[in-house]
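Let me begin by presenting the structure, written as structure tokens, before commenting on it.
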Ligand SMILES: O=C(O)[C@@H](CO)OP(=O)(O)O
């Protein structure tokens, strides 16, 4: 049996402001930092000493990973960063307030944009200042790889090949792997891992900075998945992600 731990980053400034974020490189809030440290404490209590970690090229995930590693005195472990673990690119929605967008386009449309399997957001153009090629960290991506706005399906198409090629070999070698990524890049991975249907994926919401422990069989099919920590608190956090206008202290 194999194991792997996945973690979504702690609360970001734009989570707090209820804005579509995607590839925008916003920082953690103070609460997000505390959440990340707490996730580190939760992992410390497990018999799971991290050997290698994977994250995106966005600072909210990188910093969450650093706080987790620091809490475990494991800042020395190898860390691989890839844009393929980035949040889903939210296209022209990036920067907009989710509540105001729902008032403009309707709750149903916003739910489709946020949670459906194959509905992409409104796209940006190559002239848009949010076009990823304008950012040096994406300079080596081909035109085809550069997203203008991704559906969950598009996100799966880059996350899952990266998982298979770069992460799975470490799990199969018996290493303890930690992946710190984003709400929708993790939904993409979990959909495929657990074979969640296109209809059911709409209801999967990933709480901030809650370690998700998978036990996997020899073919890496999940035997068991658990959100670690106080279960009532985990559920409250899931509700906030599902309905982000709800305030939680
Ligand atoms: O804005 C985003 O990039 C994501 C994650 O914060 O939001 P949502 O939960 O609406 O997909």
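The chain as shown is numbered from 1 upward.
Quick reminder: no glycine exception, Cβ is built from N, Cα and C everywhere.
Record features (TrEMBL):
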BINDING   8-15, 21-22, 60, 87-90, 98, 114-115, 183-184  substrate binding site
ACT_SITE  9  active site, tele-phosphohistidine intermediate
ACT_SITE  87  active site, proton donor/acceptor
SITE      182  site 'Transition state stabilizer'
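In this structure, the recorded positions that sit close to ligand 1, with a C-beta under 6 angstroms from any of its atoms, are 183, chosen from 8, 9, 183. Closest by Cα distance to residue 9 (active site, tele-phosphohistidine intermediate), from the recorded positions 22, 87, 98, 183, is 183. When the binding-site residues 88, 98 are compared by the number of other C-beta atoms lying within 10 angstroms of their own C-beta, 98 comes out lowest. A straight line from the CA of residue 8 (substrate binding site) to the CA of residue 182 (site 'Transition state stabilizer') spans 5 Å. In the structure shown, the C-beta of 22 has more C-beta neighbours within 10 angstroms than that of any other entry among the binding-site residues 22, 183. Note: the Cα of residue 88 (substrate binding site) and the Cα of residue 182 (site 'Transition state stabilizer') are spaced 8 Å from each other. Taking the Cβ of the residue listed as 'active site, proton donor/acceptor' as centre and 10 Å as the limit, one finds 26 other Cβ atoms among all the protein chains shown. Cα to Cα, residue 183 (substrate binding site) and residue 87 (active site, proton donor/acceptor) are separated by 7 Å.
Ranking the recorded positions 11, 14, 22, 87, 98 by Cα distance from residue 182 (site 'Transition state stabilizer') puts 87 first.
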